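S.K.: My questions all concern the structure below.
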Amino acid sequence: MRLLQTLAMEGEKKPSLAANTVSQDETEDFIDLDPDLEAEFLAQAKQLEEDAAALGLEDHNSITDEELKELGELALSGAQMPSLQEPEKLAENEEQLFERPSSQPLWPTSPPSNALPTPPKLDPRTLPRDIPLERLGPNPSEEDFASTLVHGRSIHLPFFHPKTHGYPAAVIQFRSYHPRLLDLFSHFATHAASSLGIPCSRVAYLPTQRTLWTVPRSPFIYKKSQENFERKVHKRMIKAWDADEEVVERWFKYLRKHELGGVGMRMVKWERMELGVGRKRLAHLKGVALGAADAQSVLHAEQIRDLGAQIVKEEMTGVTNDGVARPVAGKEVVVQAKKST
């Protein structure tokens, strides 16, 4: 059993520590100790001896002064310590580090034998593809990786496509009373834009709109106590560039279909047309209007001619019930002509 024995020295000498086994007969080595401290120390030593005996620890297992002296001599002589081991030698080149020749590449350059062929065009009805990533090979294309179901990918930031021309295509503003819901849905919107290949910005934080109402605390009109009600509207914004109108419209429909409760959206979309579209549309409208007017005038002329022929026919002859033809009064003819018109 090993204990630390404290020797109290007189004068300004510092106490020294020695690793020795303390027994009942060695208590005389303590100089000028308080009787209470000495009794406490003896009780602790006795308790330690009893615990060591109960655990089956013998005194020969402890390191004696002779063994310490031998270990010190071995350390001074530079001999190998029996209980110490040399650390492993560090690698000095790639061959020792990776256990392969340095000319061999670190990652395989060719896809595995069971790799899937890259389809020319994926059918949206079959997405996402539930296949392991190992079958895509070491360097999969963006189309293959984006169409594959990867659990946990939505936690990270999406891939932000670079702008090609910098033409603004759409702006979406999100508003909500709950910041956590707002951050979640704006993160979802950026992932959707990345999957559709739309170059978009990161989520921008707009100023928070704060509204304050001060009302009486009690319905009593002369009550002087008042209370305040506050409402904060948090806002986020995403800008999109260089995207086709149909792609942007599909992005909007996807967000409206999977909209999150408690989050409002305001969508703005830019539509661009070729130069001279106004002149072409005006000419087209003029042509349509003139054609309709000509057709209407021809129709009116034919109706007038037919009506005149009918009036002449009815004015010249009249047919009675017995089949005898006789002239018809002009007044009646006029009335019939008005009725026919």
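Every residue gets a Cβ built from N, Cα and C, even glycine.
This is the feature table in TrEMBL:
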REGION    81-143  region 'Disordered'
COMPBIAS  101-116  compositional bias 'Polar residues'
COMPBIAS  122-133  compositional bias 'Basic and acidic residues'
DOMAIN    171-268  domain 'Small ribosomal subunit protein uS10'
S.K.: Could you tell me how many residues in the compositional bias 'Basic and acidic residues' (122-133) are helical, how many are strand and how many are coil under DSSP?
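M.R.: Across the compositional bias 'Basic and acidic residues' (122-133), the residues distribute as 4 helix, 1 strand, 7 coil.
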S.K.: Quick one: average pLDDT across the domain 'Small ribosomal subunit protein uS10' (171-268), no decimals.
M.R.: 92
S.K.: Using DSSP, what is the helix/strand/coil residue split across the domain 'Small ribosomal subunit protein uS10' (171-268)?
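M.R.: Reading the DSSP string over the domain 'Small ribosomal subunit protein uS10' (171-268) gives 30 helix, 42 strand, 26 coil.
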